[in-house]
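Engineer: Below are the structure tokens for one structure; questions will follow.
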Amino acid sequence: MNDLKKIGLGLTGFGVFFTFLGVIFVFDKGLIAMGNILFLAGVTLTIGINPAFQFFTKRRNFKGTISFGLGFLLVVFGWPLLGLIVESYGFLVLFSGFWPTLAVFLQRIPLLGWILQQPYIRSLLDRYRGRRVPV
């Protein structure tokens, strides 16, 4: 992992942290906007500028990209609650292909993996597991 990817992961983490702080502090638009900027910068540095541009401009990702961008604009213009709802929808649409892989990764973490192996949670994860998950 090169230095740009390390910085990108750090920025992504700070973006999530600032967004969390913005929600905790009763939807503070400044913190949420800062979190959005850091998150986007972190994702861009982590995967690269050209791959990030291609990812966000793919035809199948337009709905998520537009929702995320509209939510960001709503946060900046003073509607943080509505903006976060629209952004969350865009985030889920954009990154829906990564959820099954994330579930497999989380199952390998010692304590969290044990919790995720419980019958009810496992059946829920198996129901939403996609074809792209490595076995």
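For all residues, glycine too, the Cβ spot is worked out from N, Cα and C.
Pulled from TrEMBL, these are the listed features:
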type	residues	note
TRANSMEM	7-27	transmembrane segment
TRANSMEM	33-53	transmembrane segment
TRANSMEM	65-82	transmembrane segment
TRANSMEM	88-106	transmembrane segment
Engineer: Taking residues 6+ outside the transmembrane segment (33-53), which of them lie with a CB under 8 Å of any CB in it?
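Structural biologist: Distant Cβ neighbours of the transmembrane segment (33-53) are 4-5, 7-22, 72, 75-76, 87.
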Engineer: Same-chain Cβ contacts of the transmembrane segment (7-27) under 8 Å, 6 or more residues past its ends?
Structural biologist: 33-47, 80-81, 84
